[in-house]
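Trainee: Per TrEMBL, the features are:
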- 45-431: domain 'Major facilitator superfamily (MFS) profile' (DOMAIN)
- 46-67: transmembrane segment (TRANSMEM)
- 87-106: transmembrane segment (TRANSMEM)
- 118-135: transmembrane segment (TRANSMEM)
- 147-168: transmembrane segment (TRANSMEM)
- 175-194: transmembrane segment (TRANSMEM)
- 206-230: transmembrane segment (TRANSMEM)
- 250-271: transmembrane segment (TRANSMEM)
- 283-303: transmembrane segment (TRANSMEM)
- 310-331: transmembrane segment (TRANSMEM)
- 337-363: transmembrane segment (TRANSMEM)
- 375-394: transmembrane segment (TRANSMEM)
- 406-426: transmembrane segment (TRANSMEM)
Amino acid sequence: MPSLEIDTDCRSEKNVFKTEAQTPVEDLGAPPLDDPTKAFPKHTRYSVIASCFVLQGLSCGLVHSWGVQQRYLASNVYADSPHKVKTLSYIGTLMFFSLYLWGMLAGWVAEVWSFRKLCFIGVIIMAVGQLTASFCNEPWQLCLTEGIVFGVGIGLVFSPTCTAPARWFTTHRGLATGITVAGVGVGGLVIAPLTDYLVREVGVKWSLRVAAIYIIVLGSIACFFVRVPFQDKTRTLKSFDWAAFNDRRFAIHSCMVFFVTAAYIIPYSFLPTFWAAHGISSQTSSVLIAVANVASSVGRIALGLGADHIGVLNSLVLSLGIAAIACLLIWPFATSVGVGVVMALVYGFSAGGCWTLAPLAAAKLFGIEKLSSNTGIFYTISAVGAWLGTPVTNALLNGPGHGTNFIGMSVYNGVLWVAAMSFAVVNRASYSRAVLDRV
């Protein structure tokens, strides 16, 4: 069994452990290695949840708020240049792609080096991306700064903060992870209106500069509290474990995350267009998307809590199935505000919960010790899925029907969710074929 060291970054000087070579950990009265969290005050685990919640909100909330800036630039700055407007449309996809692309690197470096230090580097890069974007005058420059530089920053923050809280809990691991990733929805609800206000009052450039300021201030404070109770110091940056790729269940879980990534963002991107085509105003559409974001935050917590009671693999299959039903059976009929609310609630709740359950399922399938690096691998593999989502859906929408082929779009989205559910069912069956078993 590899030796594990207690994370001493957060301990006071009086409680710093000596190195293993000087004094065995057991001689210092440390907790047994199977429960290293007992070496820390109880409030530590809750500060970790809060800090990761904030970092999730800052990173993904800014991704969601880009649409506000994009709409303003397309309507007021580049309205006479269609090719520049088209270039702007790539920035959101670049951010979404980068969010997952760097997952493998971020997860591995966090495990063998430091969760806290890596998150701080990510926060600095995020702020630099926003600040440099504020001095750009061309869309291709925004692609480099807002799309790529900022994207690298959120990629370094996202994977470690998704998985750090899970290391502090056993019986309530699902709830802890759910609260953490609920920061994505809350961040979108807070940052998007703030960005809209700043764009209207001071313009896009100053909205980016203000974002850089609150990223540095809030992000730095949050990073101070990010930590894990133990790290395997026998592992180094040169000793990446490739054995996971030989595991059949690992490949299946990777495919599941791949299809979830492809499917997840489609309704958020295209439901406003769908509703506009059926006479629903843009203001009402914005409210419905906000409802979906609230439902997403609730779903992330509720399905995480459900995983603690009925089993994480059961919860994962259930959430994927509900998301598929929402796209295949509810979306085509969501042509009124009433049914639109149902679509927003059902889809937001179920799809949001998947992001709580995916890392929890990885912990169950492959162990908690390598959760961050394994989850990072899944995200990196699934980065390609970002290009199967919005771009392919846009092609379907602008194909037969010339912007009105919404049935093909919703069916495509539903099929992606069904594919994800199928892979989750296979891994669930590897534990038990009995439907009522808690796995």
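Just so you know, glycine gets a Cβ as well, placed from its N, Cα and C.
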Trainee: With Cβ distances under 8 Å as the criterion, find the stretch in 46-67, 175-194, 337-363, 375-394 that has the most pairs with the transmembrane segment (206-230).
Mentor: 46-67
Trainee: Residues sitting near the transmembrane segment (118-135): Cβ under 8 Å, six or more positions beyond its termini, same chain?
Mentor: 55, 58-59, 62, 106, 109-110, 141-142, 145-146, 148-157, 160-161, 204-206, 208-209, 211-213, 215-216, 219-220, 222-223, 226
Trainee: Check for me, if you would, whether the transmembrane segment (283-303) reaches the transmembrane segment (337-363) - at least 3 Cβ pairs under 8 Å, residues 6 or more apart in sequence.
Mentor: yes
Trainee: Does the transmembrane segment (337-363) come close to the transmembrane segment (46-67), meaning at least 3 CB pairs under 8 Å for residues 6 or more apart?
Mentor: no
Trainee: Is it the case that the transmembrane segment (337-363) and the transmembrane segment (250-271) touch, counting contact as three or more CB pairs under 8 Å in which the residues of each pair are 6 or more positions apart?
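Mentor: Contact criterion met.
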Trainee: Suppose you look only at the domain 'Major facilitator superfamily (MFS) profile' (45-431); what would the mean pLDDT be?
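Mentor: Looking only at the domain 'Major facilitator superfamily (MFS) profile' (45-431), pLDDT averages out to 86.
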